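Notes for the one structure printed next.
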Amino acid sequence: MTRKLFTSESVTEGHPDKIADRIADAVLDAIYAKDNQARVACECLVSTGLILVAGQITTDCYVDIPRVARETVREIGYTRAKFGFDCDTCAVITSIDEQSPDIAMGVNEAWEKKQGEARDEVETLGAGDQGMMFGYATSETPEFMPMPIALAHALTRRLAAVRKERILPYLRPDGKSQVTVEYEDGRPVRVDTVVISTQHRPDIDMATLRDEVLETVIKPVIPAEMLDNRTRYFINPTGRFVIGGPQGDTGLTGRKLIVDTYGGMARHGGGALSGKDPTKVDRSAAYAARYVAKNVVAAGLADRCEVQVAYAIGVARPVSISVETFGTGKVSDDRLVELIRAHFDLRPGAIIRDLDLRRPIYKAVSVYGHFGRPDLDLPWERLDKVEALRADAGL
């Protein structure tokens with residue numbers, strides 16, 4: 001019997017890095033609502049009293065970026081100066097240029113088309129950059145996500161809910177969770193440690209906060225059978241968390257990549273997700289790789305599946321596809337690659353088409369994870385390839 005501990009974290013929408021991600025995706029959605037052929041690479045920085053939105057955007061429409069940024073911060077809950085950040089009085093600075101023509105020429109006309117080798121219309125669109133992207137799925141939870149990150153996200157969603165619904169009216173927007181799960185022979189058996197840090201009003205008694213967070217946030221979220229008398233709880237372990245949000249830390253887009261994906265259980269290619277239109281394979285191929293891995297696991301071809309796909313800038317066809325099933329595969333990993341090539345088109349244009357990615361759907365996934373979202377209907381979470389994979393694999 002092999003036992004090990006594994007830990008993942010999540011952050012609330014009021015965390016400074018997530019404010020930045022959410023603003024970047026709100027800008028993308030606002031543009032896509034008017035021009036779904038736009039090229040968007042939007043980055044954001046938030047600090048004390050300041051929002052800076054910068055990037056390369058090519059579009060025929062007009063979007064009031066400062067207004068989008070302020071409304072996003074308002075939705076999060078930073079509406080008063082005493083919270084450390086105020087959507088109405090903070091400065092908003094923008095620095096926007098068009099997409100580099102050197103990049104655009106590779107996206108607009110893929111290598112295959114330039115060489116006269118394009119097989120169809122999909123190969124007119126090249127990848128927006130080089131790089132490798134990973135997708136992952138596991139059978140250990142109903143949403144096919146690792147349990148540590150699934151529970152960590154559930155805790156931060158609940159933390160935001162009890163604040164917004166005024167169940168715990170003394171909470172403020174910034175917050176984090178961390179969950180350590182004990183595994184026995186690869187299966188989760190218990191929760192070992194729960195960490196919650198939440199911004200709060202300065203006059204609240206810490207003992208009261210800890211008791212109420214335990215009863216209204218942790219216990220309703222984590223299944224009772226996963227908790228025992230050895231489970232440890234650290235709730236605001238420093239003893240005070242009044243200064244938070246951009247006043248406490250500078251936030252940047254792309255700083256919470258592991259929170260956005262699989263909580264460290266799978267590898268990561270290094271590319272951020274938020275603020276990018278789907279011609280950027282950092283985003284679209286990461287979604288496609290999750291789509292592939294989830295369908296492989298749901299089809300019973302493996303209990304765990306990690307898919308890597310890689311691209312060259314300006315080239316439509318992936319330069320490589322690889323699979324790792326960690327010894328859980330019902331068929332060989334080589335056979336899985338063959339099945340993936342047969343049933344999934346991983347060229348950027350095909351990913352955008354098949355997952356219907358030219359829509360304003362991105363702000364919703366900018367917080368609480370891009371994958372395994374039972375609260376959202378996401379195209380990359382569909383299980384529409386299961387039967388075909390099973391049939392082709394002979395299961």
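Glycine too: its Cβ is placed from the backbone N, Cα and C atoms.
When other Cβ atoms within 10 Å of the Cβ of His15 (ATP binding site) are tallied across all protein chains shown, the result is 29. According to Swiss-Prot, the feature ATP binding site maps to His15, Asp174, Gly175, Lys176, Arg240, Phe241, Asp249, Arg255, Lys256, Ala272, Lys276, an assignment based on sequence analysis.
Around Asp17 (Mg(2+) binding site), taking its Cβ as the centre, 22 other Cβ atoms fall within 10 Å, counting all chains. Feature annotation from Swiss-Prot assigns Mg(2+) binding site to Asp17; the stated evidence is sequence analysis.
Taken from Swiss-Prot, the feature K(+) binding site applies to Glu43, supported by sequence analysis. Sequence-distant neighbours of Glu43 (K(+) binding site): residues of the same chain at least 6 apart with a C-beta under 8 Å from its C-beta are Ala20, Ala24, Val53, Ala54, Gly55, Leu252, Thr253, Gly254, Gly275.
Look at Swiss-Prot and you will find Gln99, Asp249, Lys280 tagged as L-methionine binding site, backed by sequence analysis. Taking Cβ-Cβ distances under 8 Å and a sequence separation of 6 or more, the neighbours of Gln99 (L-methionine binding site) in its chain are Arg39, Ala41, Gln56, Ile57, Thr58.
Beyond its flanks by at least six residues, the region 'Flexible loop' (99-109) meets 39, 41, 56-58, 124-129, 279, 313-315 of its own chain at Cβ-Cβ distances under 8 Å. Summarising the annotation, Swiss-Prot assigns region 'Flexible loop' to 99-109 and lists sequence analysis as the type of evidence.
When the neighbouring Cβ atoms lying within 10 Å are counted for each of the binding-site residues (Lys276, Lys280), the highest count belongs to Lys276. In this structure, of the binding-site residues Arg240, Lys256, the smallest number of CB atoms within 10 A of the CB marks Arg240. For the region 'Flexible loop' (99-109), DSSP puts the residue distribution at 8 helix, 0 strand, 3 coil. Across Gln99, Asp249, Lys280, which the record gives as binding L-methionine, the greatest C-alpha separation is 30 Å.
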